[in-house]
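J.: Feature table excerpt (TrEMBL):
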COMPBIAS  1-21  compositional bias 'Low complexity'
COMPBIAS  1029-1039  compositional bias 'Basic and acidic residues'
COMPBIAS  1205-1216  compositional bias 'Acidic residues'
COMPBIAS  1222-1235  compositional bias 'Polar residues'
DOMAIN    137-233  domain 'Ig-like'
DOMAIN    239-326  domain 'Ig-like'
DOMAIN    357-445  domain 'Ig-like'
DOMAIN    450-537  domain 'Ig-like'
DOMAIN    542-630  domain 'Ig-like'
DOMAIN    634-716  domain 'Ig-like'
DOMAIN    743-838  domain 'Fibronectin type-III'
DOMAIN    843-936  domain 'Fibronectin type-III'
DOMAIN    941-1043  domain 'Fibronectin type-III'
DOMAIN    1047-1143  domain 'Fibronectin type-III'
REGION    1-30  region 'Disordered'
REGION    826-851  region 'Disordered'
REGION    1028-1047  region 'Disordered'
REGION    1125-1147  region 'Disordered'
REGION    1192-1291  region 'Disordered'
TRANSMEM  1161-1182  transmembrane segment
Amino acid sequence: MRRLAARGAAGDAGEVAAPAADSTDCARGRHPSPRRLIDLCAIWDPGVFLPAVGWKRASGFARRRLNEAETLNSVREAQLELLEAARPRGPGSRERGPVLRMARQQQPPPWVHAAFLLCLLSLSGAIEIPMDLSQPPTITKQSVKDHIVDPRDNILIECEAKGNPAPSFHWTRNSRFFNIAKDPRVSMRRRSGTLVIDFRSGGRPEEYEGEYQCFARNKFGTALSNRIRLQVSKSPLWPKENLDPVVVQEGAPLTLQCNPPPGLPSPVIFWMSSSMEPITQDKRVSQGHNGDLYFSNVMLQDMQTDYSCNARFHFTHTIQQKNAFTLKVLTNNPYNDSSLRNHPDIYSARGVAERTPSFMYPQGTASSQMVLRGMDLVLECIASGVPTPDIAWYKKGGDLPSDKAKFENFNKALRITNVSEEDSGEYFCLASNKMGSIRHTISVRVKAAPYWLDEPKNLILAPGEDGRLVCRANGNPKPTVQWMVNGEPLQSAPPNPNREVAGDTIIFRDTQISSRAVYQCNTSNEHGYLLANAFVSVLDVPPRMLSPRNQLIRVILYNRTRLDCPFFGSPIPTLRWFKNGQGSNLDGGNYHVYENGSLEIKMIRKEDQGIYTCVATNILGKAENQVRLEVKDPTRIYRMPEDQVAKRGTTVQLECRVKHDPSLKLTVSWLKDDEPLYIGNRMKKEDDSLTIFGVAERDQGSYTCVASTELDQDLAKAYLTVLADQATPTNRLAALPKGRPDRPRDLELTDLAERSVRLTWIPGDDNNSPITDYVVQFEEDQFQPGVWHDHSKFPGSVNSAVLQLSPYVNYQFRVIAINEVGSSHPSLPSERYRTSGAPPESNPADVKGEGTRKNNMEITWTPMNATSAFGPNLRYIVKWRRRETRETWNNVTVWGSRYVVGQTPVYVPYEIRVQAENDFGKGPEPDTVIGYSGEDYPRAAPTDVKIRVLNSTAISLQWNRVYPDTVQGQLREYRAYYWRESSLLKNLWVSQKRQQASFPGDRPRGVVSRLFPYSNYKLEMVVVNGRGDGPRSETKEFTTPEGVPSAPRRFRVRQPNLETINLEWDHPEHPNGILIGYTLKYVAFNGTKLGKQIVENFSPNQTKFTMQRADPVSRYRFTLSARTQVGSGEAATEESPAPPNEATPTAAYTNNQADIATQGWFIGLMCAIALLVLILLIVCFIKRSRGGKYPVREKKDVPLGPEDPKEEDGSFDYSDEDNKPLQGSQTSLDGTIKQQESDDSLVDYGEGGEGQFNEDGSFIGQYTVKKDKEETEGNESSEATSPVNAIYSLA
C-alpha cells in the first residue's frame, strides 16, 4: 500500500476556489492582477503540487481554474509514478512518512516556473483604467519598425488602439499626411487603423515604400505608433558570368568567393555541387560568415566535385545558384590513392610541404569590430597552413563569458550572445599547428541603441494631485530626449502653468481635468530610437469593486489561502479587511494584507470561517465587497487497499474507506495502472471497496483509490499480483510474477576530484522486469544528518556515473533501482567523501531591516543551506550605517539568521549588508539593502481644520499638514473620525457610532461622503503611521442641510372590488428633512397600451388613498414618493392586481373588438367563406336544373316516338350517376377527373348511337343531352381549370 495526499481548491458553479498560496513570490503579494484568469499562486505549495479533485473531475476544474487539462493530466502521471516508486513490498505495508517526504522533495514542473514568471510580469504593467471610463487612446498593436513585405501579397501595416470614446485614425507617409481616400488601392480596416494596400487590380508595391506613422485620436488626446519603415523584399538574380577553372597547387590555400546579389533581407548562403550534393565541411574546408568557401589547404580529392554557391531568399522561398567553380589541383603525386586518406601524416605521404599558419580572414595581425548592445557578436578567424591549424580564442585581461560564449564552425568563429558593455575589449584568436602559431587581435567596441531605464507609464491622477512622467534611457552614444504632447512638440503646445519640464521628467502640480493628454517620449541616437506613449488622465472616480459580489470560497482545514479584492478608484483607494462586519482592520498574526489588497490567511482554522468584508476608500467615497469563507474538513482514506497476491480464478477485495466533510459530495473512483478503471461484469464497485471476481492475469497491476470532493482528494495505491495456474504455463518465465528489483550493492567511489566523483555499483536482480532507471541520493552530516536528497537520475543500462559535487560537503551516497513494478529498497550507503572547501559563492537572500520597537531595527535573512556553505563555520558579516551620512560601517559576525540593532533613533533609514563567510574566506560583495528603524506614535495633530458643506451628504475638509519630524515613521494617511451627534428632526433616534475616512499620502484636503442629511455631526482628525494614530485635533462641529427623503415604507395596493383600489403606505425610514407631502403618479395600462398619467398630491400626514376605477378591465401602475423642501425622494412602485379569471374573455373581446376588422387573418377568412357560399350556390343551381324531366329529341324538329315508353311524355329521367367518374378514372391535383380511357369514348352518351364531331372538336350526339354536356363541361381546357366543374363531377 502507498499513499500520497494531494490537496487543492476548486470551485463549483457560482463559487470561487480557495487559492492555496505558498511562501515564495506569491506569498509576498506578487500574484496576478485583479483581472487574472489563472490563479498561479495557488498551484504550488513548497514542493508539493496541489491538484484539486479526482482525475476525471480534475479536468473540469482545470477548465475553470487553469484552462489546461493536459497539464493536470501530466502532473497526475508524475504523482502516480512517485507513488509507484515509493511502494514498499509485502502486504499491509504502511510507509506513509517516507512517501510524503519524497513528494515534498519534488521540484515543480517547468511550466509552473514559467507561469510564475508570467504572474510577476503581469504586475509590472501600466495601470489599466476600466473601459467604461473616459480615457485617452492607447496603441495596442502595431507593425515592427522595419517592416519588410512580400511583393506577391497585399501590404498590411497594423495599427490598433483602444480608448473611450473609441479613437479615430490617420497616417503620415514620409512625415506628410497620407490621404487614403485619394488612392483606390489603400483602405483602412473598420474600427482599426490598420492599412491594407491591395494589388489584385495591379500596381507596383515598390511605389509604396517609405516611412509610415499612425495617429490614434479621441477628444482626450492623440497616441502615436512607431515610425514604420516599409520595404519590399527583393531577390535579385545572380549576374551571368563565365568562370574559368581554378588552378591551385596541392597544399596551397584557396578562397572561392560567393558575392551574392544584395537581397532584402539578406539571403542564406550555402555551398553545393552542381548536382545538388552538399559540400562536406570540416576544419580544413568551411564556409565563412561572408559566404565565401575557404580551403586551409587544397588536397587532390577536392577536385572530385565542383562548387556552387547558393542563395536562399526568405520571402520568395527561392534558391538561386551561381555558376559552379571547377578546381584543377596541381600535385607532385598524381595518384589519388584512397588508402592514404587515413594515413597519420597524409601531407608528407602525398609530398605536400608543411608550413606555418597564416590568416585568410581577417588579414593582418589586428582588426576592430563594432557591435550593438543586445545583439550577437560573431568573431571569425580562418587560417591556412599545413597541417590544418587549430583555432583557440582568448580575451585579454579576463575570461570568455562562459554563459554566453559558444564556438562555431569548427572553432573558427566565436559567438557571444546578448552582448553588453562588459563584453567590450580585446579578443584574440590563436591559430597553431606543429610548425608554429600566429595570433590576430580584434578590438571590440560595444555601442548601444537607446534602451529603457525608466519607461514612462500612464499617469492617473485625481483633480488637485501631483504627479510626474519619467523618461530615462541609456545608450552609446548618450541618447537625446524629446517630449511631445498629442503628437506635437512640447515647445509648440499651448502653455500649461501646472506642467514643468525638467529634462527627462515632466512634473505636474495641482492637475485639473484640462490636463488630460497623451505625451510621447522619443529618445534617439545614431543607432536607433525608442518611442513611448503615456497618457495623463485626470479622474475623480469613487472606489469600485471589479470582482463579483458575495463570492463563496471554500477551503480545507489547515491550508493556506488568499482572499482577493480587486478594485479601482481615483485617487487610488486604500483597502481594509474586516471579519463578520466588526472588529479592527485584519492585519498581523495569522493574517497578512499585501500592497495589492489581497488578504492572506496563513493557516486556516475552524474559527476563521465567516464573512470577510473588504472596504476600498478614497476621498470620494468607499466601496465594499464581501467574501464568505467556509472551512471544510479534509478528505482522508483511513483504511487503505493493501498489496495482494491471488491465484487465477479467485476473488479479491480491495478496501478503501474514506472520511470526509459531510457537506461536500464525495466521489470514489479507481485507477488501474494509472488509467481509469473500466468496471466490467466481473467487478463490483462499492462505496468502501472494489471486488474482482474470477481474477485473470490481465487484472494484475496497480490499483489506486481516488477519494475526491470538490475541494481536495486523497489517494491510496496497492499492487495486485496474479499467479497463473502451474499446470498449464506457456513457459517458465510467464509463470513467474514480476517484482520490484533487488537493491544495488557494492557501491564504490573512484576518480576523486575537488568537485566530482565517479560512483559505481553492481545491479541487483530485476525480478523478471527490466530495470529502467537508477536514482542516486546523497546525505550530508552537517546541516541535515540522516535526511536523504535526490542527486541525479540515470538510465537503467548504466552502473557507473560521474557526480558533480559542491565544496565542503561530507557526502554519502546510495542508489535505488526502478522498474515497471516499482522501486527497490535503497542500497547500503557508500563510504563518505568530503570535498575540499572554498569561499562562499553567494550571499544570503531576503535581507530585511525592520523595527520591532521604536528604538531598534531587526535585520533578518534566509540562511544558506549545506550545499552553498562551501566551508566550515559558516557565518554572516552584518554591516549597517545610517543612510546618506558618512558614518563608518558598523559590523558584527552572526551565526544565526537575525540580528537586532539597539538604541536607534526613531524611523531612520539604514544601509544594510549581509555577507557570507566561512573558514576559507568571504563571499562576494553583498548588495546594499535599505531598512528602517522602528516607528513611534505621531506627536502632532493636523491643525486649522476647516469644514465646508458641499451638499446634504458630503463635506469638504482642509487642514494644515504636520511637520515631517513629528510623524515619527512612515506617513500612512490622515484620518478623520466623525459621528452623528443628533438629527434636526425632533424625537428621531440616531446611532452615534464613530466612522472614519482616510486620506492617503501627504494631502491637505479631502471629502467625507455618505453623511445623513439634516443632522448635527462632530469630527476629529489624526495622523496615522505604521505604529498607529497620533493625537486628535480639536473637535469640529457641522450640520448637514436638508435632503430628499427615502422611499415610503410598506407601500401596499389592494383591490376590494372592480370599482375601487385602496392604497396605503408608511412614512419614510429616513425623512432627511421636514416632509411637506407625498406625490402619487399612476397610469392605466392594458397590455402594451398606456393611458394618461394622473398626478395626486397629499399632505405629509396622509397615508391612505382610495381611487375609483374608470375602467374595470385595465390595470394601474402606481409610483409614490415623499417630498421635502429640497425635492422628491426615492419612489416606491407597485401595480394593481390582475383582474379575476371570469373577466378575462370580456377583457379580451374589449381589447380586440376595435381592431379585429383590420386583421389580415379576418379578411382572409371572410373571403374564403364568400367563395364557398358562391360555389355552393352554383352547385345547387346545376342540381336543380338537371334533377327533373328533360325533353329529348333525336333531331331538332322530330317529335318523340311512342315506341319508347320513357319518351311517351316527351321526357326521360336523367340520373345523377351519369356524371359520376368512370371506374378507373383518376383525379388530378387540381380536381379535374382524368380518364384512363380515350377522351372520345361514346360510352357516356347513352345507347352508343352514331355520332360525329363538329369542326371545333366537340361531340354531336343524337340526344339533346349533348347540349347539356356542352353547357356543363365545355371544352377540355375549361374542364381542366374550372373548380366548378370539379365540384360538379363529384356531385
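Even glycines carry a Cβ here, placed using N, Cα and C.
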J.: Mind pulling out the one from 357-445, 450-537, 743-838 with the most Cβ pairs under 8 angstroms to the domain 'Ig-like' (137-233)?
T.: 450-537
J.: Across the region 'Disordered' (1028-1047), what are the DSSP residue counts per state (helix, strand, coil)?
T.: 0 helix, 5 strand, 15 coil
J.: With helix taken as DSSP H, G or I, strand as E or B and everything else coil, how many residues of the domain 'Ig-like' (634-716) land in each class?
T.: 3 helix, 44 strand, 36 coil
J.: Under 8 Å between C-beta atoms and at least six residues away from its ends: which parts of the chain pack against the compositional bias 'Basic and acidic residues' (1029-1039)?
T.: 937-943, 945, 947, 949, 955, 959, 962, 966-967, 975, 977, 981, 984, 1015-1023
J.: Using DSSP, what's the helix, strand and coil tally for the domain 'Fibronectin type-III' (743-838)?
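T.: When I sort the residues of the domain 'Fibronectin type-III' (743-838) into the three classes, I find 0 helix, 48 strand, 48 coil.
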J.: For the domain 'Ig-like' (239-326), jot down how many residues DSSP puts in helix, in strand and in coil.
T.: 5 helix, 32 strand, 51 coil
